[in-house]
Amino acid sequence: MFQVLQLNLPSTVNQTGTKAHPQRNSLSSCDVFIYQSAAVVLFPVFYSLIFLISLCGNSLVLYVICQRKQKFNSTSIYLVNLALSDTLFTLALPGRITYYIRWFDWPFGDLLCRLTALLFFANTYAGIAFMTCISLDRYLAMVHPHRLQCLRRVKVVQRVCCLVWVLVLLQTSPVLFRSLLHQHQGRRTCMEYLDFEGSPSTPYLLLMACTMSFCCPLMVIIACYAKVNLKLRAAARQNSLACRFRRGHRVNTIILIILLTFIMCFSPYHLNVMQFMIKKIHHQPSCQELRDFKVSLQVTVSLMNFNCCLDPVIYFFAIKTYKQRVMSLFKDYLYASGASTKMTTENSMTRKIADYRKFLHVNTDAHINENKTI
């Protein structure tokens, strides 16, 4: 929801404020882009690494999952949707990398800026939604293996995924209907400014949006982790079957990885926005506070984008045979590569032997003809 309320903070504020806007005078000429010289070096490197890692990791996941011969189960369906979300976002990164290399100058026009914003926010909240779905799915598999299995049926899960995408697109689509390009010192910035002026209710709406899209999913994931832990302790006391106990530990590990990824990637951004909105409710932020918020926003957004590199770790633990399939894939590739090299070498040797035999045959014929002449 935060993206629906995409706000813009002007880099400079009109110095001719009137009594109707006394707070704007204190923010005159407040340039919040003082960090650009460091950003144009760090961000291209950082996002290039994200692009390479995410593209390789998520493409491999999609390939491995789609190559499996068994039918998709509930977990696989959620993972495929999560990987698709990450891959779509990754494909938009070259534009952002170019933008930072050009010193925050967007050369691709307003439409592509809006599409980039759509992919960014859609990936963020689709990722949150599917992580929550995976946690709930694993919780149901472990804590309610019989009573609520109807919620884990393939058709039900497919409908849940469709509902998630519809809600995410409804939530993010408003960015397509407003310009996100702004002029700053002769450059066209994209998705950079945050503007709270003219809407006193904005901080409250953003706090509500962060609560719904971040705090609630976080509490659900924590609750799933706690419930699975309690189930494992009870199973340990009852000396349950070892195989089921190991399965429970794997489920617990999956949810723990999701929880840690969620906290590391999404918490800094949302907590940063929430604390600034609370400040905004109580007083008009000073120029220094706006600058600090702008810098922290760039850092926390970068952390949030790093999420698409960590999602393949979830796949590694969520799918039992994922490691074996990846290793088998690499072995097949190395075998095919080695076989191709061997075949090339053999063909080369065969050609050399044939040429040598031809050479001997020609020399022998020449020698015979010479003897006949004599």
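Even glycines carry a Cβ here, placed using N, Cα and C.
Annotations in TrEMBL come from automatic prediction, not curation.
Summarising the annotation, TrEMBL assigns domain 'G-protein coupled receptors family 1 profile' to 57-315.
Feature annotation from TrEMBL assigns transmembrane segment to 45-65 (among others). Within its own chain, the transmembrane segment (45-65) is flanked in space by residues 72, 76, 79-80, 83-84, 86-87, 89-90, 93-94, 96-97, 100, 302, 305-306, 308-309, 311-312, 315, 319, 322, 325-326, 329, which lie at least six positions past its ends and keep a Cβ under 8 Å from the stretch.
According to TrEMBL, the transmembrane segment annotation covers 77-97 (among others).
Positions annotated as transmembrane segment by TrEMBL: 117-136 (among others). A Cβ distance under 8 Å defines the sequence-distant neighbours of the transmembrane segment (117-136), meaning residues of its chain 6+ beyond its ends; these are 2-3, 6, 75, 78-79, 81-82, 85-86, 88-89, 91-92, 160-161, 164-165, 167-169, 171-173, 175-176, 180, 190-191, 213-214, 217, 220-221, 224-225, 254-255, 258-259, 261-262, 266, 304-305, 307-308, 311, 314, 318.
The feature transmembrane segment is assigned by TrEMBL to 156-177 (among others).
According to TrEMBL, the transmembrane segment annotation covers 204-230 (among others).
TrEMBL lists 251-271 (among others) with the feature transmembrane segment. For the transmembrane segment (251-271), the residues of the chain that approach it from at least six positions outside its boundaries are 124, 128, 131, 134-135, 138-139, 141-142, 210, 213-215, 217-218, 221-222, 224-225, 228-229, 232, 297, 299-301, 303-304, 306-307, 310-311, 313-314, 317-318, judged by C-beta separation under 8 angstroms.
Per TrEMBL, the feature transmembrane segment maps to 299-318 (among others).
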Intrachain residues whose Cβ lies under 8 Å of the transmembrane segment (299-318), provided they are six or more past its termini: 43, 46-47, 50, 53-54, 57-58, 60-61, 65, 75, 79, 82-83, 86, 89-90, 120, 123-124, 127, 131, 134, 138, 250, 253-254, 257-258, 261, 264-266, 268-269, 272
Chain residues in Cβ proximity to the transmembrane segment (156-177) (below 8 Å; excluding those fewer than six residues from its ends, i.e. six or more beyond): 1, 3-4, 6, 74, 77-78, 81, 114-115, 117-118, 121-122, 125-126, 129-130, 133, 137, 150, 213
